[in-house]
Amino acid sequence: SNLTQTSFNYINSIIGSGVVGIAYALKEAGFAMGVILLITFAAITDYSLCILIKAGISTGTATYQDLVQSAFGLPGFYILTFMQFMYPFIAMISYNVIIGDTITKVFMRIFKVSTDNVLGNRHFIVIMTSLFVTLPLSLHRNISKLNKASLTSLLFILVILVFVIVRMMTLVHEIPPSPESFGFANRGITKAIGVIAFAYMCHHNSFLLFAALKDPTQRRWNRVTHVSLALSCFIILLFGIGGYVSFTYYSQGDLLENYCMDDDYANVARLMFTVTIMLTYPIECFVTREVSTADISTNFSLQVLDNAFFVNRFPSNLVRHIVMTVLIVLASFAFSTLTDCLGIVLELNGVLAAIPLAYILPAATYLKLENGPLLSWSKFPALMLAVCGAAVAVCGTVVAFVDIHNGITCSHGADMPYCQRPEANVTGL
């Protein structure tokens with residue numbers, strides 16, 4: 001692929017379901033601080049992707065797993081394997097939450113039913129969608145059959161972005177902001193970081209993108225990374241600012257939850273986003289399943305590992321493929337019934353998986369493999385990235401579980417207060 005093609009694939013791997021949580025991140029961090037964090041994390045993500053490939057080139061490794069294993073041995077390999085399982089699995093849970101959010105509101109609008117009706121019951125909708133849509137798609141053994149989904153997904157995301165910006169112009173005068181809506185900072189910075197880290201996470205695809213790059217050199221990789229992260233940051237900023245300016249302190253973890261149920265343009269956006277999620281879900285399921293079942297070899301002349309967790313057991317066959325897929329899909333459904341709040345799911349995936357995968361492990365691997373003393377100036381940025389990443393991951397995890405213990409509330413299945421105001425024109429263009 002040339003630089004333009006690689007950049008397109010790069011952006012496509014970044015821009016995804018996380019964009020609907022950015023307005024919520026701005027609410028939690030404070031508008032100004034949230035914007036600063038979005039730009040800062042774009043730069044940090046850019047740096048971590050560059051040093052990740054630099055470490056790979058210096059060691060002659062072609063995958064993230066091999067790189068971490070060359071630095072930290074089998075313990076590092078298994079830690080990375082666990083993280084690479086957790087990230088797409090929690091993403092699948094978030095997709096179920098989004099499906100429950102979007103389809104139920106559309107059905108409630110079309111069929112004029114309430115949450116007491118089966119068509120307004122998110123658990124019924126999610127299990128039916130899982131059994132008849134996402135599970136059959138996830139049973140594909142060849143991921144190439146889903147390649148066209150990525151282009152469709154990105155196009156739909158861009159259409160939804162246009163809707164968010166246009167609708168902002170009609171809503172900004174109808175939904176009164178509070179005096180604190182555009183303050184500098186709020187107390188939920190660690191929550192915001194988790195959501196932002198999830199939105200920028202693409203490191204699991206980095207070696208595939210590098211391998212596909214024509215004339216893959218560090219210089220060309222750095223160039224395509226800078227361009228791709230800058231454009232991705234711009235799109236994410238538009239989503240966040242457009243959503244937050246529209247709804248300010250009403251902003252939900254799922255931005256589409258903020259739009260009124262009788263807003264038919266929003267319902268079209270909901271349907272488009274649901275299609276995007278349904279097409280993306282099988283890809284995440286593929287990654288989750290393959291992390292556990294794919295044949296993986298070590299760099300230490302050991303026997304080939306048939307399974308990342310069960311060495312030389314459970315030979316690959318169709319029965320195991322089906323059983324593993326069904327178990328993963330059902331498990332993601334079961335966990336998605338525990339909450340209807342997308343924000344907490346994005347936060348947890350950010351602090352438990354995205355931050356370690358995107359910041360801590362690339363920095364730690366670079367520090368271990370790069371020549372020179374640990375406290376040298378050349379290693380100082382990576383050292384700070386690893387230390388700060390670990391601190392944020394720990395603090396964010398504690399905050400998330402405290403919030404879970406105290407109870408999490410969000411709006412689902414009911415219109416927001418401003419939708420009840422007869423004088424508000426929140427459904428028309």
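From the backbone N, Cα and C atoms, a Cβ is placed for every residue, glycine too.
Taken straight from TrEMBL:
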{"type": "DOMAIN", "residues": "3-400", "note": "domain 'Amino acid transporter transmembrane'"}
{"type": "TRANSMEM", "residues": "7-26", "note": "transmembrane segment"}
{"type": "TRANSMEM", "residues": "32-57", "note": "transmembrane segment"}
{"type": "TRANSMEM", "residues": "77-99", "note": "transmembrane segment"}
{"type": "TRANSMEM", "residues": "119-139", "note": "transmembrane segment"}
{"type": "TRANSMEM", "residues": "151-172", "note": "transmembrane segment"}
{"type": "TRANSMEM", "residues": "192-212", "note": "transmembrane segment"}
{"type": "TRANSMEM", "residues": "224-245", "note": "transmembrane segment"}
{"type": "TRANSMEM", "residues": "322-345", "note": "transmembrane segment"}
{"type": "TRANSMEM", "residues": "351-369", "note": "transmembrane segment"}
{"type": "TRANSMEM", "residues": "381-402", "note": "transmembrane segment"}
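Ranking 7-26, 32-57, 119-139, 151-172, 322-345 by CB pairs under 8 A with the transmembrane segment (77-99) puts 322-345 at the top. The transmembrane segment (7-26) is in contact with the transmembrane segment (151-172), judged by 3+ CB-CB distances under 8 Å for residue pairs 6 or more apart in sequence.
Taking every recorded stretch in 32-57, 119-139, 151-172, 192-212, 224-245 and counting its Cβ pairs under 8 Å to the transmembrane segment (351-369), the highest total belongs to 192-212. Across the candidate stretches 32-57, 119-139, 151-172, 192-212, 381-402, the maximum count of CB pairs under 8 A to the transmembrane segment (322-345) is reached by 119-139. Distant neighbours of the transmembrane segment (151-172): 11-12, 15-16, 19, 235, 238-239, 242-243, 245-247, 255, 259, 263, 265-266, 268-269, 272-273, 275-276, 279-280, 425-426, 428-429; these residues of the same chain sit at least 6 beyond its ends, with a Cβ under 8 Å from one of its Cβ atoms. 32-57 is the stretch from 32-57, 119-139, 192-212, 381-402 with the greatest number of Cβ pairs below 8 Å to the transmembrane segment (224-245). Note on the transmembrane segment (32-57): residues 22, 25-26, 64, 67, 71, 182-186, 189, 192-193, 196-197, 200, 202-203, 206-207, 210, 218, 221-222, 225-226, 229-230, 232-233, 236-237, 240-241, 244, 358-359, 362-363, 365-366, 369-370, 381-382, 385 of its chain, located 6 or more positions outside it, place their CB under 8 angstroms from a CB of the stretch.
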